Structures are given as structure tokens and as C-alpha cells.
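The transmembrane segment annotation in TrEMBL covers A:5-26, A:32-53, A:74-99, A:111-129, A:136-158, A:178-198, A:210-233, A:263-281, A:302-323, A:329-350.
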Amino acid sequence: MNRYYLYLILLNMLINVIMFVPKILIEYRYNGAVMGTLIAIPIGFSLNVLFTKAITKFPEKGFPEIFARSRKRWIINLLFGIISFAAFTAGLISLLGFVDILRRFVNPEMSFMYLLSVFLAGILLITKLSTERVMYLLEIVLFLNTPLILFIIFKAFTSDYLVWDSILEVGTHLFTKPSLKAIAAASYIFAGYTNLIIFNRIIKGKIKGWNFIMVFFLGLFNLFTTFFIPIGFHGSDGAQEYLYPWISTSDSLRLVYSPIERVIFLFLIFYMGITLMSVSVHWHLSYELIKGTYKESKKKDWAVLAVFACISVACALFFHTLLLNKITVHWMLSRFGLEIIVVGLFYIWARRQKT
Amino acid sequence: MRTIGNWRIYGLVFSAVFLLSGCGFKDIDKRLFVVSIGVDLAKNSSKKYLISLKFAIPSASKDQPNEFSIVSEKADSMSEAVRILKTKVDKEIDFSHAKVIILSEEVVKTSGNAGIYYWFPRRRDVQGIAWVAIGKPTAQDVLNVKPKSEQLPSNAIFLALGKDGSETPYIIPSLLFDFKYRLIERGIDPILPIIEAQKQIFEINSVGLFNKSHMILHLAPEETKMLNFLKSKEEKSAIKLTKGKTTVVIDTQQVKAKYKIHTPKGKDPYIKFEVSVKGRLEETNRRVTNNQLSGYEKAAEKSLNKEFEDLLVKIQKADVDPLGFGIRYRSRHFNNDDWQQWKRIYPKITFKVVTKVKITDTGLIE
């Protein structure tokens, strides 16, 4: 098993809670989310396998190195720009979403900008590190947080208040026409492989079949948890009323003998680290891709980071939660399309290359 | 040298963060913590509700840790009441420790209180795991009770409802998120425990059953216990039964209940309940030997079957569904109009209860 590869995938699986994936899926629960999820699993999984197979033909090389000797610079630059924009917005959505959650649940009196700038300072610091170091940091954060998040999920599964009948009721809407939005949102779970665009630099050797089996089952479990656990707690009719289904679900759990009885605060603390790393990984990818479009220059590097910070502040001023939610739906759709195009093109291109 | 230069810049960026004006973090000594919330109907007033908040008063000495104060306000809505209550106290009102919400019997018996019920889950600072209960005679009376054994304000209710303290089959606790879930979900209706305030103690041994808007049915303590058995949430209990002239009490160790909805074609639909009870004999007014136990098992099965069926029919007649038969039916049928079908089926469905009682022994002596 290649653990770095699995970390990247796991990170996306964990962050989907902040990325409005449960909200989108639950919204379409009677209108094709169940079928959509089932369709998204093979699509997301096969995209994952295709891309990983293709990029591991170039061991220890990211996109900038692979395309370094390419002649048609402008096509490459355009491609890098688009991917980099997608990765940047992915990070931005989870950042704004999480800052909003923090402000709502932890300290409503704190100003949005203050929280955002604390996060931005940390994230930009990590973004600028070398790819290897980002990976090490990711390992530490996942190592500290994942077992505890798994514990919370375990508590949710064994709770007395989880009503399986409600979950099954949504399951009976299996045969409705699948909704494209639900497919796009559900396939996000598997989208962690896109980080390989840069992080392939530190992945040595081939990725064996074991990893894919792990990814498949992790994804299956993750989709089920994301989609159905909030329904089990808040009802097939009631779950869609919640703005953040999973945050409210964590507030429905009680740890009787723990020092903190309300699970929501533990959940938020764990997710603080996960969000920080997720945004950093996405932005690192985005930053490194942009760096690949020009010759080495310190000034330009800083300019890119400054632009990142400015855009986030501007978006924070402009977006509120509902608008962010709406935009995320469209973002998911475009991401889904882009992913298919990029993976398809790259796979064909990589097959033609002599290795 | 290069890295040191980098760190200087980061230092600058970080220090800029501290220049930003953060406002409003209030210290703990400038907050008043609400431990329980009471909702009554206002009397002799143009306003609709009487909202009472019970604040825990932190005291310097350890001798009087359970001091509290109750502040009330009449208003037409919850948020209005809270805004006005803020003017009555000197500190910021903090709801993050509000763990019990008490609705008075009058409130739950009238419909049209959805605004109040929804206010709690809508607020981000009210816990989803707060308990909801019905207060009798009024919510204010329940808040005012101060049991001698209580160490912190309202802690007695927390312990009783949370089953951390006493464990009894007469309490069916309800959490706020679950209450909201049951208010919305088609096919399962809320159950709230009723807390009766007496002079220095509470009595929690009955429940109120709701439909989607208000309380319909009040269950007596024995019925509450039966309902708890059917939910298979409570194991430690006692069942009393008479056979001939002997009265025996069975101390149960295990109660399991499961049911299935049968809708055979052309025949009347029925719900088949299977309840298994395992326990030992605890008290008897005549001598019972171990050989006679199977006879008592039969008698217990017969009387339990009757009691369960009576309770289920009573619930059905009131057209409420606290056990979630409706959601079970919906979850087993793939068609889209299953809810409409169920609404036609439920009033005429019959119940068949099969109880299996196992009395293991007669305790230490025969």
C-alpha cells in the first residue's frame, strides 16, 4: 500500500462534509440522489484508476515536470491555468464554508475577517512549503484527527437515535431518475486523486491494486456515512431542513462520560485541522501549477500568494452561506466535467508516450 | 540566510493578524448560564406565552453550589421574550448549557406552537442533545423544584432523563433533535415524558403522545412501562401478575420486542409483535416452587399479551404513531404513494402480540 496516495484520497473523503456534498445529496434524496450515488461510484472510481495508472508512468514527476519540454506552451499554460483555478476554488469553498461554520457555532461575535485571516496566514504558510513537507504535515494532521473522527462516526452508527427505517425509506427511492447534480457531488468523494497532478512528485514506484481496493471500499463507506447518517438522525423528511446536515448530526450525539459532552465541539476541532490541510493541499497544487507556467521568479511567487489572499477576502465579503451553497452545486458540475476531460485527455496522451 | 528572510516576512504577516480588531469575546464571569428553559401559557395577559429561564448562579463558596434564579417574561414569541429578558439581567445570557426544555401541559395541549418548537433547533447555541419534557402543572413549577439531593441547579432532571442516575422503565426521554425529527417525519410521532412537580421532588412516570401539532394522549405509568418494553429500550423492570390467589412480581433482565407489518392480499392487514421477556421471580405472597414456574410463565404471557394489545389499540384509536409503524411501512414499500396507503391502513389494522416469558428461577430461595 502506498500511504501517501491513500492520504490524498482520504483527505477529500473527509472534507466533503464541509464542501456541501451531504447537503446536495440530501436535497435530491427523493429525486435521484440514491441512483446518482450508485452511478457516481463506478464513474469516480474508474476516473481514479485511469488517472493514477497514467500518471504513475512518470515516477516522481508532477504535471509541470512532465510537460516541461512540451512545445505548444500556450495550450499547456491554458490547461494549467484552468486546473489551477479549479483547485483554488475547491480550497476556497471549503475555507469559506468552514470559517462560516466556526463563526456560527464557536464564536458568533468574532468578525469573519479575523477568523479568515488567521486561517489564511496558516494556509499560505503551508502552501509555500515544498511538496514533500506539505505531505509530511498532511500525514501528521490525518494521523492525529482521523482516528477520532472515526470514533465519532462509530458513535453515530451505534446511537440509539439512529432510525434505520428512515434510511431505508430514502433507499426505496432507488429507482427514480438519477440527478446529474447528485452524481457530480457524489463523485467528489473519489476526486482526491487529482492532487497527484503535483503530489506524484513524491510517489515512488507503481501503485498496486491493493490501493484501489482500499479506495473503493473507503469511498463506499464514506458515501454511505455522508449521505445516510444525517437522514437516520433527522429523518427522510426533515434532514434537508438543516443548513449543515453533518454538523447538526454531530450535535445530536452525546458522549456521556467524556469531558466534553457535546460532540459538535470535538467534531469542529478535528475538522479544523482537516480543513486547514485540505485547503493547503488544494492551494499548493494550484500554486505549483501556476509556478510551472513561468520561469522561476521570487516576486511572481509572492504575487500569486497575494492574489490568493485577496480573492479569498473579496469572496468572503461577497458570498454568504446560501449563495456559497448554490455556487458549490454549479462548481461540482463543472468540476465533474473538467475532471472527465482532463483525465480522458491525459490518459490518451500518456498511452502514446514512450516510457 | 534565505530562510531567515522568509521567516521575517511571515512574522510580519502574523503580527498584522493581531492588529485586526477582534471584538466581543466575553469572559465567563460576564455571562449567565441558562440551565433550563420553561414555556408556559401566559395568564391574564394579552401576550401568549410566559417564558422562564433558570440561571445557575456561580457562588464563591462550595457550600451553596446549587443556587439559581428564575427570570420570567410574557411575550408572544420566544425571541421576543429573550430580548426583553436581556434587559432584566446584568450579564449576557448564554444558552450553551441549557440542557432541559420544559413545555407546560397547557402549551402542548394547544396547537399552533410550531414557532416555539422550531426556535430551539434553529438557534445555533441551544444543544441538539437538550432534553424536552412536559411540565405539570406548569413549567415554572418544575423549574422551581429544588430536590435536597441535587448538587447543581437542574441536575436532578438531567440525571433522571439521561438515565445516568436512576434507571427506570417509566421514563422515556426525548432529545431535542429527536423531538424535531418526530414532528416532521411522516409515520412517527413524538413522545415526551411528563415531569410532575411536587414539593421537593419530581415525579416522572408518564408520557404524553403527540400528533404532528399537539399532545393527544396521556399514558398512565403502567402503560408507559409497556410502551417502553415495546420500544425495547428498557430492560430493568418489574412485571406484576396474578394467577389464582397468588400474586408474583417478576424482575426482568431482558426485554426484547420486534414487529413486522403484514399486508396479505385480500385479507386484513395486521402487525405481529414478538416480545420476549426474561427474568426471575422477585416477590410472591404464597410459596412458589421452581417446578411451578412454567405455569406462571403461561399466566404472564397471557396477561402481557392482553396489556400490550390494549395499549396498542388505545394508541391506534388516538391516531398517533409513537413506535413508528408508518415509517416502517414506508421503508418497506417502493411505491411513491406508500404514505397515503398507510394512512388508509392504520386505522383498521389489527395487532397480534406473541409474548414469550422465561422465568429463570425464584431467586436465592424457593
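Just so you know, the numbers here start at 1 and follow the chain as drawn.
The backbone N, Cα and C atoms fix where each Cβ goes, and this holds for glycine too.
Automatic, uncurated: that is what TrEMBL annotation is.
For the transmembrane segment (A:136-158), the partner stretch with the most Cβ pairs below 8 Å, chosen from A:74-99, A:111-129, A:210-233, A:302-323, is A:210-233. Simply put, out of A:32-53, A:74-99, A:111-129, A:178-198, A:329-350, A:32-53 has the most Cβ pairs sitting under 8 Å from the transmembrane segment (A:210-233). Sequence-remote contacts of a segment are chain residues at least 6 beyond its ends whose Cβ falls under 8 Å from one of its Cβ atoms, and for the transmembrane segment (A:302-323) they are 88, 92, 95-97, 99-100, 112-113, 116-117, 120, 124, 127-128, 243, 283, 286-287, 290-291. Within the chain carrying the transmembrane segment (A:5-26), a Cβ under 8 angstroms from the stretch's Cβ atoms is held by residues 33, 36-37, 48, 52, 90, 93-94, 97-98, 101, 135, 138-139, 142, 146, 149, 181-182, 185-186, 188-193, 195-196, 199, 203, 207, 211, 214-215, 218-219, 222, 226-227, 230-231, 239-240, 242-247, 271, 274-275, 277-278, 281, 324-325, 328-329, 332, all 6 or more beyond its ends. Same-chain residues lying 6 or more positions outside the transmembrane segment (A:263-281) and placing a CB less than 8 Å from one of its CB atoms are 8, 11-12, 14-15, 17-18, 91-92, 94-95, 98, 101-102, 105-106, 119, 122-123, 126-127, 134, 137-138, 141-142, 144-145, 148-149, 152, 155, 195, 199, 247, 250-251, 253-255.
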